[in-house]
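**Q** What TrEMBL records for this protein is below:
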SIGNAL    1-19  signal peptide
DOMAIN    29-351  domain 'Malectin-like'
DOMAIN    361-398  domain 'Leucine-rich repeat-containing N-terminal plant-type'
REGION    497-516  region 'Disordered'
COMPBIAS  505-516  compositional bias 'Polar residues'
Amino acid sequence: MPFIAFVFIFLSFLSFSFSQSSPPKGTLIDCGATASSIIGGRQWLTDAGFISKGTPKKLTIPVTTPILSTVRSFPLENNLHHKFCYVIPVFRGAKYMIRTTYFYGGINGNAAPPVFDQIVDGTLWSVVNTTADYANGMSSYYEGVFLALGKTMSLCIGANSYTDSDPFISALEFVILGGSLYNSTDFNRYGLSLVARHSFGYNGSIIRYPDDRFDRFWEPFGVKEPSISKNKNLSVSGIWNLPPAKVFETELTTDQFGPLELKWPPGPLQNNMYYIALYLADGRNSSTGTSRMLNISINGIIYFKNFTVTQAGAAVFATQWPLGGVTTVTLTPAAGSSISPVINAGEVFEVTVIGGRTLTRDVRAMEDLKKSLQNLPIDWNGDPCLPRQYSWTGIKCSDGPRIRVVSLNLTSMGLSGSLSPSIARMTALTDIWLGNNNLSGSIPDLSSLKMLQTLHLENNQFTGDIPLSLGSINDLRELFLQNNHLTGPIPNSLVGKPGLDLRTSPGNQLSLPSPS
């Protein structure tokens with residue numbers, strides 16, 4: 001029997017208003033657009049303030065909605081496993097629905113759209129493959145639920161080797177979710193990546209805001225025989241995931257007493273753990289005196305037994321259920337029940353293990369370093385270390401649960417600017433190689449870097465004294481300072497230090513220390 005992390009039924013005795021007068025709170029970004037716009041009563045911003053890389057492009061073919069008319073495209077050439085990141089201000093500790101939308105429109109000249117990765121902070125979220133949708137003239141969207149662990153979150157487009165075309169994005173949404181939504185998931189350890197969300201027995205357009213207060217998309221799922229749909233008008237009580245009332249207006253049931261078998265989600269699944277939630281309500285007249293009781297199974301394994309469906313509505317869910325391939329949901333009348341099964345809606349998410357984050361003090365130090373340097377590598381965005389295959393150019397990071405930056409190698413990168421004193425906060429650094437650039441200013445105090453073994457600053461434009469504090473770093477084995485504009489005496493603590501390869505000439509105006 002598969003492992004069920006958590007199975008729970010929630011019935012609320014307090015009625016809940018499903019209407020929502022104000023739009024969902026969050027940030028909506030029309031990627032590649034040149035001006036903000038109001039669409040559906042909600043403001044869409046340009047992406048200029050959230051990302052500095054990539055090229056805005058305008059599609060030349062008709063689109064179904066304005067947000068599909070432009071994209072931001074990112075260069076694939078020389079950028080394999082480099083990421084391009086949107087950085088979004090968020091509220092620390094809040095859950096966000098992140099939705100990315102893609103419509104290719106031939107913007108890169110190839111007939112088929114590119115295939116690439118999308119990344120949330122340090123987590124490889126999913127591969128973006130819009131080929132099938134685009135062949136049918138449709139856009140594609142991906143939706144996930146993730147926790148904001150800091151004051152910003154990043155959504156990154158990652159260039160991989162699947163295709164030879166530039167990756168792109170059409171639209172990006174960060175929407176704050178209510179505290180009750182999906183609250184059985186430990187979002188410090190997991191994220192949720194949407195596989196399917198359907199309103200059963202429904203054949204209209206996608207149900208979304210204002211019916212869904214968080215603008216989640218509930219797609220139609222109108223199956224014919226052996227199941228049929230009915231229209232009904234229910235006053236559903238507050239279910240913790242707050243499905244819109246509209247999904248309870250239709251249902252799937254059977255025209256004969258017996259089991260209801262549903263192939264859902266529609267496509268085969270990868271072998272993984274999944275979060276599954278099913279929503280049910282009984283539309284019959286409550287005066288009948290008989291209750292509708294069901295046994296629910298998935299792929300022949302009991303999911304919930306003797307489940308009572310009432311007019312108030314209820315949900316049953318599991319947070320980690322192993323699935324793979326084609327999935328069959330079966331609802332069978334429980335023993336003693338003479339009423340056919342019914343189902344109104346359902347959600348399936350793939351459970352995504354959070355990839356972690358680089359230690360905050362190192363991230364902040366790297367951000368300060370970014371500000372002090374110029375002509376940086378194009379991929380210095382998002383989490384510096386994660387995902388591993390998308391770590392920033394020129395840095396190496398530690399293994400294990402506590403991710404630290406341990407090495408900087410930006411030799412001959414054409415850098416200019418100065419070396420931020422914040423680099424001294426990255427106390428796990430063992431190697432700093434910044435030679436053959438055009439860096440200027442003074443060398444900061446690095447005495448806190450007790451693990452530092454090599455410091456290469458040769459062939460730059462550094463000025464001022466050699467910091468006395470360098471002599472206090474016991475593990476320092478290489479100190480290359482030649483061809484700068486340094487002045488003053490070489491510190492006593494460095495001259496003749498056992499095991500230290502010290503290079504200060506040519507190119508500096510340094511003197512040996514006075515005899516003690």
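Every residue gets a Cβ built from N, Cα and C, even glycine.
TrEMBL: automatically predicted annotations, no manual curation.
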**Q** Tell me the residue counts in helix, strand and coil for the domain 'Leucine-rich repeat-containing N-terminal plant-type' (361-398), as DSSP assigns them.
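**A** Helix, strand, coil within the domain 'Leucine-rich repeat-containing N-terminal plant-type' (361-398): 15 helix, 5 strand, 18 coil.
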**Q** Give the mean pLDDT for the domain 'Malectin-like' (29-351) on the 0 to 100 scale.
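**A** Across the domain 'Malectin-like' (29-351), the average pLDDT comes out at 90.
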**Q** Going by DSSP, how much of the region 'Disordered' (497-516) is helix, how much is strand and how much is coil, in residues?
**A** 0 helix, 6 strand, 14 coil
